[in-house]
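Copied over from Swiss-Prot:
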type	residues	note
DOMAIN	81-365	domain 'ABC transmembrane type-1 1'
DOMAIN	860-1156	domain 'ABC transmembrane type-1 2'
DOMAIN	1211-1444	domain 'ABC transporter 2'
MOD_RES	Ser550	phosphoserine
MOD_RES	Ser661	phosphoserine
MOD_RES	Ser671	phosphoserine
MOD_RES	Ser687	phosphoserine
MOD_RES	Ser701	phosphoserine
MOD_RES	Ser713	phosphoserine
MOD_RES	Thr718	phosphothreonine
MOD_RES	Ser769	phosphoserine
MOD_RES	Ser796	phosphoserine
MOD_RES	Ser814	phosphoserine
MOD_RES	Ser1445	phosphoserine
MOD_RES	Ser1457	phosphoserine
REGION	1387-1481	region 'Interaction with GORASP2'
REGION	1453-1481	region 'Disordered'
TRANSMEM	78-98	transmembrane segment
TRANSMEM	123-146	transmembrane segment
TRANSMEM	196-216	transmembrane segment
TRANSMEM	223-243	transmembrane segment
TRANSMEM	299-319	transmembrane segment
TRANSMEM	340-358	transmembrane segment
TRANSMEM	860-880	transmembrane segment
TRANSMEM	920-940	transmembrane segment
TRANSMEM	992-1012	transmembrane segment
TRANSMEM	1015-1035	transmembrane segment
TRANSMEM	1097-1117	transmembrane segment
TRANSMEM	1132-1152	transmembrane segment
Amino acid sequence: MQKSPLVKASVISKLFFSWTRPILKKGYRKRLEVSDIYQVPSADSADNLSEELEREWDRELASKKNPKLINALRRCFLWRFIFYGILLYLGEVTKAVQPLLLGRIIASYDPDNKEERSIAIYLAIGLCLLFIVRTLLLHPAIFGLQHIGMQMRIAMFSLIYKKTLKLSSRVLDKISIGQLVSLLSNNLNKFDEGLALAHFVWIAPLQVTLLMGLLWDLLQASAFCGLAVLIVLALFQAWLGKMMMKYRDQRAGKINERLVITSEMIENIQSVKAYCWEEAMEKMIENLRQTELKLTRKAAYMRYFNSAAFFFSGFFVVFLSVLPYAFLQGIILRKIFTTISFCIVLRMAITRQFPGAVQTWYDSLGAINKIQDFLQKQEYKTLEYNLTTTEVVMENVTAFWEEQGFGELLEKAKLNNNNRKISNGDNKLFFSNFSLLGSPVLKDINFKIEKGQLLAVAGSTGAGKTSLLMMILGELEPSEGKIKHSGRVSFCSQFSWIMPGTIKENIIFGVSYDEYRYRSVIKACQLEEDISKFAEKDNIVLGEGGITLSGGQRARISLARAVYKDADLYLLDSPFGYLDVLTEKQIFESCVCKLMANKTRILVTSKMEHLKKADKILILHEGSSYFYGTFSELQNLRPDFSSKLMGYDSFDQFSAERRNSILTETLRRFSLEGDPSVSFNETKKQSFKQTGEFGEKRKNSILNSINSIRKFSIVPKTPLQISGIEEDSDDPVERRLSLVPDSEQSDGLLLRSNVIHTGPTFQGSRRQSVLNLITHSVNQGQSFRRTTTAPSRKMSLAPQASLTEMDIYSRRLSQDSSLEINEEINEEDLKECFFDDVENIPTVTTWNTYLRYITVHKSLILVLIWCLIIFLAEVAASLVVLWLLKNNTPQQEMNSTQSGNRSYPVIITNTSFYYIFYIYVGVADTLLALGLFRGLPLVHTLITVSKILHHKMLRSVLQAPMSTLNALKAGGILNRFSKDIAILDDLLPLTIFDFIQLLLIVIGAIAVVSVLQPYIFLATVPVIAAFIMLRAYFLHTSQQLKQLESEGRSPIFTHLVTSLKGLWTLRAFGRQPYFETLFHKALNLHTANWFLYLSTLRWFQMRIEMIFVIFFIAVTFISILTTGEGQGSVGIILTLAMNIMSTLQWAVNSSIDVDSLMRSVSRVFKFIDMPEEGAPVKSIKPSRDDQLSKVMIIENQHVKKDDIWPSGGQMIVKDLTAKYVDGGIAILENISFSISPGQRVGLLGRTGSGKSTLLSAFLRLLNTEGEIQIDGVSWDSTPLQQWRKAFGVIPQKVFIFSGTFRKNLDPFGQWSDQEIWKVADEVGLRSVIEQFPGKLDFVLVDGGYVLSHGHKQLMCLARSVLSKAKILLLDEPSAHLDPITYQIIRRTIKQAFADCTVILCEHRIEAMLECQRFLVIEENKVRQYDSIQKLLSEKSLFRQAISSSDRLKLFPHRNSSKHKSRSQITALKEETEEEVQETRL
């Protein structure tokens, strides 16, 4: 970044904002980059501002029992705020003085007032000077107030972030992500521009008092008639505003419903295409869109009338002020035109400035109170450690999480349940396990490990393993007992947290660099091969949570970070969840057992190999110590521990009834037990009321950016970013984000891809806490890159789940004193980590975009023509009256009084021509502004255009190839459907209407003035030319600065979410100072762009006003010097010239707003123009009597129409090559093999070898070459969707969209309830569905969070059974399953797909043993394709991975022992990253 010219700018340069000329010139000539932006002045840097405010806030906390944040702000900013307020007041006072001088100028043309004619020129000079003074006062004052607002926002941004890093985990569980993001977006954004209006809360009343005094002097009591009209108008506008909010509130729920479904569609677009659900999703979203648009139109009409009422009110105010006085006493022209000028100022003060100021204070004080409450929340406590201690000891440790009483929770749950539309017939479903809430997470834990020992912690789901580690870290505070260790701790979370930066920075993490240690860690964690594949090696920048890495790569980087730190105690929480068997084995031996052999280690695991090599084993069960000792002691004392804890061995021996009972209990335990708020309907915010049954089931919220996993319901989510965020300020437990934009300002729409987009979160019954985000895991198999995007709540932050054992903890770990923190931050790395891709659209909206927008709907052209006809008719009528006026010079009749008294022209008889003219012009302007015959059709048609564009964009996204979608960020896609569609619905129609109406008013006024005085037209031409050139010059730069500012906003929210996700790691490593510095860096980048945008905008506004001042000076002197005795002409010319000044500037701003908003149209068109992957084949809806398989009939020249395809499931793959993008690197090369009908094939290979990619290639989701045949039919001769229907899919990332069970199983409505129940019974879902009220009509929300991951897998299995697919693709189906559901799936696949071809990608050896053949993929190619016997007889990956015990299972005849073995200790299921263990949900 360059040094800002502001530092050395002169006073004159600062006054006229001339220091911004270099950036304006550069932006006009070329596209601006971040490097072109000026550095933030030191006075605006986040470090300095936050330090000052933090110092004053600490002072406030120390000195008072009830500290007030506003007092700290007052001490920091008050005097400058007062100074700029005085300047603003002086500038506004000039508006009241101008009409007085105008009246004197008109009076000087009185034929009997010759003595004043000589001073008319001086009065004109004085009037012009007032305009100059106002310009020099108002612009610095407005900019100064905006600058103060910006500084206040920056300081509070930083204060909130620092506080967030200090909050106890217990508090974090009670604060929603929505509340945090709202504090940093909605609330604080009000300060930047709103502060400029704050002073009008006292300026406007003073101004009204002054103006009414002057009007009293002119019209006596009649002046109050005009005031009464303005008050009535203000009340009418308030009523319209209330009605508008009513419709917007009703619409908010519908918008969120649509955005939730859209977000789920985008997040799971690969699954949507695999299931061929494009048509179903399109219909579902369009139905919601129709209901939303009805309310959108009503809200738009209310706002339209509000806007129109302001314009036409001017005539009535003047008319009702003057008319009584004229009837009673007669009136002179001077008083008429002076009254007009006074009323213009009065109307602005009463209807715009004062209400705006009151709203600003209301919003600002509310935001300050929210921030004040947040800053006073409980912080985590620093634990005391003994640095000389070498052992780790726990003595009689017990810990609780929940502080809230059980009775209160139960009452809330019952109340929520009673409020549901579908009654719950079995309340036990929601309340059966609430008694566990009062139970401790850990009970009476005792153990002692010496230096250098390895403690393996095992246990079932929810046993308390992670809680144990959190206790050692200090995040969970023990209620009894004591913990003893040195405090020098390193921690590896099971959540594979990756911070923005390079691989090397992620591993070193601020610790001093040691080359030998670094290389040793890389080697031990098996990262050498992965790093060597990157061109930048370990300096490759990982953005957005490392989403471009595989799950295994992220897990190994997280482990390497923990191992690299030199600590006394290493806490490793299930670090091997996403590693293949071979890699896991190598890392455990080389890293855990060798590299860290002399260190104390606590490893959470359930693998038998790990338990055997541990020095001590601690097995937890329901929070208690089930066993503590060595492995040999475990074999002797607890030989049945595996079946005791997991229910694994005995499951197949249970009866069908017993299995159903176990499955039902699994649903309760895994889905509902831990979260007391599972069935709570939190209080809905008044402004976001839901309508309809579907809306009753959820929160009005969608967080476009981060999904976390539900406790026990283990489903990986990919973060999206969203725009627009609302929050309930009254209820601290409220979990709500909203994408509903503030229709009053385009900047109010934040998405935040970047929010940070994120996935959807319904306003449902589950708690959306920050802790959910900490326990969130990014989907490991997703190929998208997710983010949140900026300009309007781009940020997509949405935790989608709770956790289990990651309870809420309230203590901090002391910072490691040995850390050498490196605070250097590379700006390019920061940009690469955080920024969105630069939009490939022109810096200024092209005429082609306008033309294309106008021609979307043919009615729009007709409406615009109709508007033009009305305008021409009004102008023609005005010109006719002017012609009559010019050709019928009135003879003025005088009201003569006694001699010595002066006479004044009174409005009677012929003189009333002027008065009649003014009435006519007022009526014409009223029709022009109100536009009843023009405005309503225009607004209505523009909303229809928005509807058409949304439909086209939705269809385009659904039909776009995955290669195109993979190149886009999901947050960016969601922003098109949220922020941009909101702009097309709300802002663009009314902004276009305002611009057209203002432009026509200005053109009409110029026409009138030019007819009265043709010389003025000569002055108008250069003014218009200057305006057009200046606008074009400014737009090139301003739009680029706005885009850079929008991109710069994303890092702020992304960094907040990143920090929260890794908060436990941050605290364990003591990296809070580094992340505060990183946050300030991101904040300064945004400030640099925003400050420069405000400065250039003020430069432009000032230049526009200077041009208008010159124009007014020219008009004034031309009219004075060329007009004869006509008072009327001078009055009309000067009054309209003053009106032109204000209206034209408003029109200029509107034109800039239109151009800015039209960029959303450009982005939508860009999505509409995406390529299509193939014409969709309409789904065939069979009759109820048809067999299920009849749906697979295809129209193809190779198959007879009476035949059914596929019939056997034979697959022949020839030279298959796959690429993510066309022309990219091949990720699979020359794959060839064949599969016989009904054969089971297992895919083998290391993490990232391409197993999941091969399954995607089968579905034609990638760019592929080669050929695949199914039962002799080639994919080249088969329609794309029909080809995909041949496959049944159980993906690694399960897709449950928001809707009923029936809709999720049968989105097209093809099957009867009887058929659905039959399939549900086959896959073991019947007992699950029957537990819910409404059964098949129960509405699932938030990705089906009330279901465990296993039940979601069963849903996918049921879909495949319903489709009667002959080929089943399974991608890690058991990755996140409890053993019970895993057995159900294994049994169902054996039975339901006994005659089908099955292709399985799996990490569990026992599942792979059932396959007849194995395809070994290595380095993107097929290395082996053979039977299991052949692979075991050769040296292969499979032989290295399989254990001797598994070989005995395969070949039992090789075991000479004939006796029946007793209960064996079998491998406990390894709990993966998503299997968050928690005893409280």
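Heads up, the Cβ atoms here are built off N, Cα and C, so glycines get one too.
Long-range contacts of the transmembrane segment (123-146) within the same chain: residues 15, 17, 80-81, 83-85, 87-88, 90-92, 94-95, 97-98, 101-102, 104-105, 108, 192-193, 195-196, 198-199, 1094-1095, 1098, 1101-1102, 1105-1106, 1109, 1112-1113, 1116-1117, 1120, 1141, each at least 6 residues beyond the stretch ends and with a Cβ under 8 Å from a Cβ of the stretch.
Outside the transmembrane segment (1097-1117) by six or more residues, the chain places 16-18, 20-21, 24, 121, 124, 127-128, 131-132, 135, 139, 142-143, 1009, 1016, 1019-1020, 1023, 1026-1027, 1030, 1034, 1038, 1133-1134, 1137-1138, 1140-1141, 1144-1145, 1148-1149 with a CB less than 8 A from a CB of the stretch.
Remote same-chain residues near the transmembrane segment (196-216) are listed as 84-85, 88-89, 92-93, 95-96, 99-100, 142, 145-146, 149, 223-224, 226-227, 321, 339, 342, 345-346, 349-350, 353-354, 356-358, 360-361, 364 (criterion: CB distance under 8 Å, separation of at least six residues from the stretch ends). Ranked by Cβ pairs under 8 Å to the transmembrane segment (223-243), the stretches 299-319, 340-358, 992-1012, 1015-1035, 1132-1152 are led by 299-319.
With respect to Cβ pairs under 8 Å, the transmembrane segment (340-358) is most closely packed against 1132-1152, considering the stretches 992-1012, 1015-1035, 1132-1152. For the domain 'ABC transporter 2' (1211-1444), the model's average pLDDT works out to 79.
Cβ contacts within 10 Å of Ser550 (phosphoserine), excluding its own Cβ and spanning all protein chains shown: 19.
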